[in-house]
Amino acid sequence: MAMENTGGEQARLKQLAAERALELVEPGMTVGLGSGSTATLWIKLLGEKVRDQGLKIRAIASSDDSEKLGRSYGIPITTFEESPSLDLTVDGADEVAPGLALIKGGGGKLLREKIVASASRIFVVVADGSKQVEKLGKFPLPVEVIQMAEPLVSRELRELGFTPKIRTNQDGSKYITDEGNLILDCSGILMDDPAAIAAKLDAMVGVVEHGLFLGIAKLALIAQVGGVVERTR
Ligand SMILES: O=C[C@H](O)[C@H](O)[C@H](O)COP(=O)(O)O
């Protein structure tokens, strides 16, 4: 276990999960490109297949960064107008709990990630073993909010028992999402009933989206020292 915690070993495990997920891609598919370090490894592998082996796919990206990366390999980027549903999306997660309940959004991309994931026939999570938890919530839950509503939403989140913190950049400025909103990182609750919390967040005016992905993932590819474990819902 100790080895899994070292940065180099964690990077190797992420790569293993990404490699396994590449096996799921078939010619002709429309795929969703996730965001974050693990999804990035998968996009690079996919991009190499497109660039070097002529694999024919189309993609919709869950962030500006992933779209740019995909385009750099020549992956054709499409839209929901042209392709209303996706065959497969591969994305990372910050926490993976039983039932494939997830916290996502550590990189701030949760809004488009959830749109892309929800439009996918198969949503696959790629992660190293450190992301597995029994209960969600040790990783602060990212909640994307409209800027002017932040004080109101923060108050409601505190009433629920969360400690919300506005996400900032390294220079101390507020982190702004690809869609121009703020992220509140909400700590303080280990979730016995994530669905109940999701319902409360969904009902808050000013909340654009939150990082609880429940009932969306069909498969998780979790890379551990012994190999890649497949977990289904
Ligand atoms: O907003 C970011 C995404 O939800 C990422 O997929 C998540 O934070 C996991 O990222 P990583 O693979 O870098 O741990």
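Glycine residues also receive a Cβ, built from the backbone N, Cα and C atoms like all the rest.
These figures come from a predicted structure and were not determined experimentally.
Among the candidates Lys68, Lys131, Lys135, the residue that TrEMBL annotates alongside Ser35, Gly36, Ser37, Thr38, Asp91, Gly92, Ala93, Asp94, Lys104, Gly105, Gly106, Gly107 as binding substrate is Lys131.
In sequence order, Gly34, Ala39, Lys109, Glu113, Ala127 are the residues of the same chain, not among Ser35, Gly36, Ser37, Thr38, Asp91, Gly92, Ala93, Asp94, Lys104, Gly105, Gly106, Gly107, Lys131, whose CB sits within 8 A of the CB centroid for the substrate site. Take the CB of Ser37 (substrate binding site) and look out to 10 A: across all protein chains shown you find 14 other CB atoms. In terms of Cα spacing, the binding-site residues Ser35, Asp91, Lys104, Lys131 that come within 10 Å of Glu113 (active site, proton acceptor) are Ser35, Asp91, Lys104. For Lys104 (substrate binding site), the Cβ neighbour count at a 10 Å cut-off comes to 30, with all displayed protein chains included.
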